[in-house]
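Working notes, beginning with the structure itself.
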Amino acid sequence: MRRALLIRSGRHVHIPIALRPAAILLVLLSLLIILAFAALDLGSTPLPAGELLRWLAPFIDATRETDAVLLLRWPRVAVAILGGAMIAASGHLLQIVSRNGLADPGLLGISQGTMAAVVLGAAVLGIPPQWLAPAGLVGGLATAILVLSLAYRLASTTGLILVGLAVSIVLGALIEIVMVQGGMAQFARWLAWSHGSLTAVSAENARMVAIWALPLIVLTLLVARSATPLLLGREQAAAIGAAPQKLALLLTLLSAALVAPIVAVVGPISFLGLIAAHVARKLVGERPQEALPVSMACGALLLLVADTAGRTLFLPLVVPAGILVSVAGVATFLIAARFTSSRR
Amino acid sequence: MKPCSRLALLLVFLLFLAGMHLVSGARFSPIHVVTQALFDYDPKNYQHVVIVRQRLTRLVVAGYAGMVLSVSGLLLQKVLRNGLVSPSTLGINSGAITFVTLGIYLFGLNGAELFWPALFGGITATMVAFLAAGLVNRGNRDPLSLVLGGAMTATLFSAATTFVISLDPERFDDQMSWLIGDIGNFDYQPLIWLWPVGAAGLALALLLSRSLDLLSLGAEQAASLGTDPRLVQWASLAIAIPMAISAVCIVGPIGFVGLVAPHMTRMMIGETGRIPTLFCALLGAAIVIGADILARTLLAPKLLNVGTVMALCGGVAFLALILSTLRRRQA
């Protein structure tokens, strides 16, 4: 029996809240808030905590230096939190759709598809910056449908990943044609972006991401519950009255939409979705309506920690967040692959 | 048709491609100018200089890289009995590149000296790939898990490479074309030092081909027929890795020749005996030379990179191979 808290209001509204997931989510969110404070505070110019609180308070003006320093930091922190949550949600949805614990937008080539559309759109077609994210969405969605339909008939966990890998190699070559047009400094910047880096995030970017993030995150939380039948497999899901094809298409679209703005701003952060979804499932179990929010919180935490550690721990070196995440991700992937294949 | 005559046919085709390579480019050179440049070189004639100094050196480098990488791929595929492995899919290329960038950054090495860090990187990457594959795989030997391990290794090392480059991009200014696998005008200089590696590797691969054929019957069968399976396995790895590394040092990561050429060889003339090894070497050379012609002419006067062209074509071939492996296993 699961312990649950039942919220009643009047005769018709009953909201059962499972206690364990709610408690875990609460802990994760408070950790996230503490870490966000720390991330705003840490950096090559240390700020006294009082100054930070003064900056955050609504009606008191902080000193000009604090303002200047925090203008550089808050977009990074905001994008790390929102981006981490979105990538994690996208990875989790893809794992539900493909019924494959190894799925991740970076590993299925969706991020690369988005990236190719963004790069080619910007460099070849001259699309203005505010339209890059929608262009990326089209690219990512096309790649997602291509990879998932190629691997659809092949019931193999590793097969899907390898198909995604091959598609990303071809897309990577397309991106490379554009990447080498500038000099080496330009190439190094592209290279850092192609692993995911929050160094160049501006306040403008943060606003753009926020505009995409809020409706998408709400939508994800709303559809989470209806994704549950997909966990049973297509035939079973159809048997209990869900429309698996339609649902899978919708969720794939949603997961492509979730990564598009992040890839456009930060670059593909592979493995983040994979790690977050696995941690979340270990913590609260399979049910999407409980696991998805937890995995979003985990993703936000992970990206925030990776970015803050990358820019503070190894000073004067700055390690892009994507690199730290990939290193942690490869290890998680291998362990996850072992357990996923033994379950089948 | 006998295998020997197919080999001769391929040789003729290779010579034809080489001729095409010398003739074509940003500016077309007539055949008589090319022959004149080759046999009666005039250093004051601009066209002669372009043909000999730029196109001929490129041709030699491309041919060498293709030959060495495809023989290395053939050895790896035979000894691991896995049609999806090659220097690039095992992560050997990425490992070598990481250690080369480290060598440049920390010790300021250049030219043929980079062979040693690259070799070390290649061996490290192979070990990591096997370790990763062992983690993914539990007992039953799945050909896909080794490729998955290799892909993870490549991801890891490419993250490391990006990090090293981001430390000081200016220092790697000259290396950009190398980092993405392009043949530059001065690439023949390390080749002068490194060609013995490829030549010795090819000779040893020809010597080993009989034992490798026996090994493909299974380790026990091979042992009862008088070969030492462990020795053959280690020897072919010891040949395949330095060969691939010698190409990576010269041209950078040109992937997929090592994967595709052995498969085409198998389809055209089978895989037992010495002739397929030679055939595979020539075919690999032909593929890279062909890719170089495409890279120089597709968007002329702009140049594409050979590595990019190979990744575009090879990625599609890789996809087809994975899909067919999966289909076959399902059937």
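Each Cβ is built from the backbone N, Cα and C atoms, and glycine gets one as well.
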Which range of B:18-42, B:143-167 is transmembrane segment, per TrEMBL: B:143-167
Result, the transmembrane segment (B:143-167) in contact with the transmembrane segment (B:234-261) (3+ CB pairs under 8 Å): no
Residues of the parent chain within Cβ reach of the transmembrane segment (B:143-167), under 8 Å, 6 or more residues beyond its termini: 80, 82-85, 88-91, 93-95, 97-98, 101-102, 105, 121, 125, 128-137, 179, 322, 325-326
The transmembrane segment (B:114-136) in contact with the transmembrane segment (B:88-108), cutoff 8 A, at least 3 CB pairs, sep 6+: yes
Cβ contacts under 8 Å made by the transmembrane segment (B:88-108) with residues that lie 6+ beyond its boundaries: 76, 114, 116-126, 128-129, 146-147, 150-154, 156-158, 160-161, 164-165, 167-168, 171-172, 175, 179, 241, 244-245, 248-249, 252-256, 258-259, 318
Long-range environment of the transmembrane segment (B:273-291) - Cβ separation under 8 angstroms, sequence gap at least 6: 3-4, 6-7, 10-11, 13-14, 17-18, 21, 59, 62-71, 73-74, 202, 205-206, 209-210, 213, 254, 257-258, 260-262, 264-266, 306, 309-310, 313
